[in-house]
There are 2 protein chains.
Amino acid sequence: MELLFLGTSSGTPTKSRNVSATAIKAPNAKHWCLVDCGEGTQHQVLRTKLSLNSLQAIFITHVHGDHCYGLPGLLASAAMAGRSEKLYLVGPAEIEAFVKAVCTLTELYLPYEIVFINSAWLNDCQPELELSVNAVKLSHRVPSHAFSFSYQNSERKLDIDKLKRANIKPGRHWGELQSGRDIKLGGELILADEYLLPKAKAQKIIICGDNDKPELLSDEIKSANVLVHEATYTYDIAQKVGAGPMHSSARTVAEFAGKHQVENLVLTHFSARYQHDTSSSPSILDVEQEARAYYGGNLRLANDFDHYRLDKNGLLSKL
Amino acid sequence: MELLFLGTSSGTPTKSRNVSATAIKAPNAKHWCLVDCGEGTQHQVLRTKLSLNSLQAIFITHVHGDHCYGLPGLLASAAMAGRSEKLYLVGPAEIEAFVKAVCTLTELYLPYEIVFINSAWLNDCQPELELSVNAVKLSHRVPSHAFSFSYQNSERKLDIDKLKRANIKPGRHWGELQSGRDIKLGGELILADEYLLPKAKAQKIIICGDNDKPELLSDEIKSANVLVHEATYTYDIAQKVGAGPMHSSARTVAEFAGKHQVENLVLTHFSARYQHDTSSSPSILDVEQEARAYYGGNLRLANDFDHYRLDKNGLLSKL
């Protein structure tokens with residue numbers, strides 16, 4: 001699976017970070033999905049190879065503006081770009097009301113269908129995608145969800161060693177077995193299933209909305225390769241700000257990921273106070289150092305346009 | 001007066017142009033006004049010296065998304081930047097409904113007052129600004145207005161020649177007369193009014209919303225120094241596209257400005273098909289050449305971040 005970060009700032013854009021948006025896609029897929037759509041997401045998309053025509057679904061974690069104010073413009077531009085295929089829009093019920101109100105009040109007519117799915121019902125009502133998706137309830141000032149994307153490569157590889165041991169030669173027979181068809185060889189029935197290796201383990205990436213209780217992900221994290229979670233503040237600033245905003249600190253998330261031995265942790269959604277220039281204070285380096293102190297796995301701090309691939313061995317690396 | 005273009009593309013952003021937004025301010029003023037607020041306007045403001053705290057009023061010409069989808073995010077970021085002063089929002093009634101619906105559905109609480117003024121009533125209900133503003137009805141698919149900004153420098157300069165002829169010496173007396181106070185000199189009453197030159201002529205800049213009938217501005221244009229008007233298409237493309245979109249071509253606007261001897265004409269709101277790279281076709285050069293063929297005055301084609309000043313002699317020049 002691939003991840004492309006389109007916005008990594010919390011609340012308000014800065015000169016170096018836009019507000020929340022993350023693209024995710026299955027390996028080698030043409031289609032892609034978007035998680036959150038802060039204002040200016042369509043502008044960020046313009047600076048990538050992604051096309052609004054191949055966008056299959058948008059998932060909105062919660063209704064706060066820095067996660068959804070880019071929706072109307074992106075939907076309008078997709079229409080202008082000639083989109084006609086239906087688009088899934090998964091989110092809280094208010095997101096459907098928001099899109100409908102904006103369309104009515106600003107006379108926006110979309111020439112394609114939007115299929116709204118309430119996040120609360122997502123686990124029973126899956127969109128038709130290359131990825132399967134679960135929603136997990138989080139804790140924030142408004143209802144917020146994590147979306148957990150799984151990719152199961154249905155292809156099974158041939159067990160070459162076993163074929164050689166059985167003296168079945170490469171060629172047409174291998175092709176038939178690979179495609180799952182049983183064959184007859186010298187009068188003997190050869191079952192494809194016995195010469196195919198088990199399916200590769202499903203890959204799973206969890207992309208979270210705003211959340212002050214990472215432990216809500218304790219079940220979902222067990223089978224996940226990657227956790228993408230907000231780390232709005234460092235611990236000391238989070239203490240000063242108080243519990244009101246209901247965000248996580250780098251330490252809280254890192255402790256959770258460490259405890260559950262998450263292989264890959266990507267932090268994002270940083271308060272605008274953390275400067276990109278690491279010679280200033282506080283800087284994004286403070287967030288990173290705090291997280292490293294509590295988590296020894298593959299830690300990444302997302303920047304806009306960072307492009308990651310999760311490989312077959314479960315390692316997330318930058319492209 | 002000064003103009004700073006923040007978005008000059010029609011309908012959808014491109015890599016080099018954002019959607020509509022123009023900043024305007026009185027000479028040497030701290031406060032500024034914004035005409036239209038397409039998505040990403042707050043991002044453009046970040047790249048200028050303008051501050052959301054000194055924004056006094058927003059004027060929305062019409063409800064189409066490329067002129068207003070940046071409003072919610074800009075209002076939210078102004079709140080996060082600690083704004084507490086009231087903000088005027090002038091536009092069609094739907095704009096008030098749009099802002100209110102978005103605030104409710106996305107739980108956006110603004111810590112400052114928004115004073116809504118319906119564009120249709122603007123001429124009877126002026127916001128308290130350094131500039132006075134008229135609204136002029138235009139012709140588009142939805143109700144659209146031009147906003148005509150006037151600046152009257154109330155300061156009157158001393159008539160130095162007349163003072164010298166009357167043998168009134170520089171010093172305290174000049175200061176008193178300058179500030180409008182009559183003085184007594186050698187028993188004689190000297191009236192300030194008689195030694196002050198008339199007020200400078202008011203300056204006027206008209207910034208238009210989408211419009212396919214420039215002649216609707218025939219009255220307002222008489223006393224204007226600058227016309228900022230959309231030129232979405234060249235004439236041939238406008239003919240191909242047909243009357244449906246209700247936009248102007250460069251030729252239509254240039255002919256109108258030429259006929260009315262407008263001193264300064266700024267074209268903006270260009271269809272994304274006109275490439276910034278003038279070696280491509282069609283390019284923005286086609287729009288410019290067409291306009292020049294019909295208008296001999298001071299013609300400008302706006303680019304994002306173009307900054308203009310209208311000087312005392314009525315000439316608009318780039319800063």
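Using the three backbone atoms N, Cα and C, a Cβ is placed for every residue, glycine included.
Annotation source TrEMBL lists active site, proton acceptor at A:ASP66. In this view, A:ASP66 (active site, proton acceptor) is surrounded by 27 other Cβ atoms within 10 Å of its Cβ, with every protein chain counted.
What TrEMBL records for A:HIS62, A:HIS64, A:HIS140, A:ASP210 is Zn(2+) 1 binding site. Non-local neighbourhood of A:HIS64 (Zn(2+) 1 binding site): A:ARG141, A:VAL142, A:ASP210, each in the same chain, at least six residues away, with C-beta under 8 Å from its C-beta.
Less than 8 angstroms from the CB of A:HIS269 (Zn(2+) 2 binding site) sit A:THR8, A:SER9, A:SER10, A:SER20, A:ASP210, A:GLU230, A:ALA231, A:THR232, A:HIS247, each of them six or more residues away in the same chain. Mapped onto three states, the DSSP output places A:HIS269 (Zn(2+) 2 binding site) in coil. Taken from TrEMBL, the feature Zn(2+) 2 binding site covers A:ASP66, A:HIS67, A:ASP210, A:HIS269.
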**Request:** Check each residue in the chain of A:HIS62 (Zn(2+) 1 binding site) that is at least six apart in sequence and keep those whose C-beta is under 8 Å from its C-beta; list them in sequence order.
**Result:** A:GLY91, A:PRO92, A:HIS140, A:VAL142, A:PRO143, A:SER144, A:HIS145, A:GLY209, A:ASP210
**Fill in**
Contacting chain B at Cβ under 8 Å, from the binding-site residues A:HIS67, A:HIS140, A:HIS269, are none
**Message:** Cβ within 8 Å of the Zn(2+) 2 site centroid (A:ASP66, A:HIS67, A:ASP210, A:HIS269 excluded): which residues?
**Reply:** A:SER10, A:GLY11, A:VAL19, A:SER20, A:ASP36, A:GLY38, A:THR61, A:HIS62, A:HIS64, A:GLY209, A:GLU230
**Item:** Count of other CB atoms lying within 10 Å of the CB belonging to A:HIS140 (Zn(2+) 1 binding site)
**Value:** 22
**Item:** Sequence-distant neighbours of A:HIS67 (Zn(2+) 2 binding site) in its chain (C-beta under 8 A, six or more apart)
**Value:** A:VAL19, A:SER20, A:ASP36, A:CYS37, A:GLY38, A:ILE60, A:THR61, A:GLY209, A:ASP210
**Message:** Taking 8 Å from the centroid of the Cβ atoms of A:HIS62, A:HIS64, A:HIS140, A:ASP210 as the cut-off, which other residues in that chain fall inside it around the Zn(2+) 1 site?
**Reply:** A:THR61, A:VAL63, A:HIS67, A:LEU138, A:ARG141, A:VAL142, A:SER144, A:GLY209, A:ASN211, A:MET246
**Prompt:** Over all shown protein chains, what is the count of other CB atoms within 10 A of the CB belonging to A:ASP210 (Zn(2+) 1 binding site)?
**Reply:** 27
